[in-house]
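Everything below concerns the one structure shown next.
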Amino acid sequence: MASQKKQLFKIIILGDSGVGKTSLMNQYVNARFTQQYRATVGADFMAKEVMIDDRMVTLQIWDTAGQERFQSLGGAFYRGADCCVLVYDITNPKSFDSLDSWRDEFLMQGQPKDPEHFPFVVLGNKLDKATERKVQESKAQQWCKSHGNIQFFEVSAKDATNIEQAFQDIAKAAASQEKDEEIFFPTTVTLTKQSQKPQAKQGGCC
């Protein structure tokens with residue numbers, strides 16, 4: 001059997017409404033920021049090509065609604081994900097406290113094959129408002145450590161601080177799952193027509 005590496009990785013972004021999930025995605029994919037976003041209804045996604053280990057792959061980044069009334073739709077969007085990004089707002093302690101419930105919900109509804117080793121990345125957004133900080137970086141680092149040494153970045157969707165580095169690590173985390181999920185194809189067999197010699201007619205007596 002021959003194997004082929006995946007060319008598309010599905011990334012899910014989760015977090016409370018208002019933490020900046022859409023802004024993060026738009027800053028990374030389009031290098032743009034606006035204050036005019038409306039709350040995401042259901043889910044939406046953007047795609048971006050990125051180099052990982054000297055090969056080009058596509059990240060399909062899903063931005064999901066943070067409102068409770070849409071959480072029942074999660075399973076349909078979470079399944080098949082290669083990495084889950086948990087986002088909170090460093091000026092909003094409640095959004096940080098919600099990380100546990102978002103992580104648990106993803107594991108329950110997304111049903112990854114290996115939940116203990118599934119890659120999560122935590123982003124503390126709105127670093128541009130550091131003077132209004134309510135969640136200390138050390139507290140977030142401790143949370144990540146206690147949940148399996150989850151990768152962690154403080155970022156700003158507004159001024160792009162740490163966005164590129166964070167998503168590079170997100171892409172690598174997604175690709176790390178390939179060893180367990182390689183796509184296998186049957187070995188190719190070439191079929192050729194063999195020339196058939198006409199069989200001699202057998203004579204018979206009437």
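Glycine residues also receive a Cβ, built from the backbone N, Cα and C atoms like all the rest.
Looking up T64, T161, T188 in Swiss-Prot for phosphothreonine, the annotated residue turns out to be T64. Cross-referencing 37-45, 163-171 with Swiss-Prot places the feature motif 'Effector region' at 37-45. Looking at S23, S101, S176, Swiss-Prot tags one of them with phosphoserine, and that residue is S23. From S17, S98, the position flagged in Swiss-Prot as phosphoserine is S17. Comparing S72, S156 with the features listed in Swiss-Prot, the residue bearing the annotation phosphoserine is S72. From T34, T58, T190, the position flagged in Swiss-Prot as phosphothreonine is T34. Looking only at the recorded positions S17, S23, T34, T64, N125, the densest Cβ neighbourhood within 10 Å occurs at N125. Looking at the motif 'Effector region' (37-45) alone, the prediction's average pLDDT is 59.
Restricting the binding-site residues G15, T34, T64, A157 to those with a CA within 10 Å of the CA of S23 (phosphoserine) leaves T34, A157, listed by sequence position. Looking at T34 (GTP binding site) and S17 (phosphoserine), their Cα atoms lie 16 Å from each other. Take the CB of V19 (GTP binding site) and look out to 10 A: across all protein chains shown you find 27 other CB atoms.
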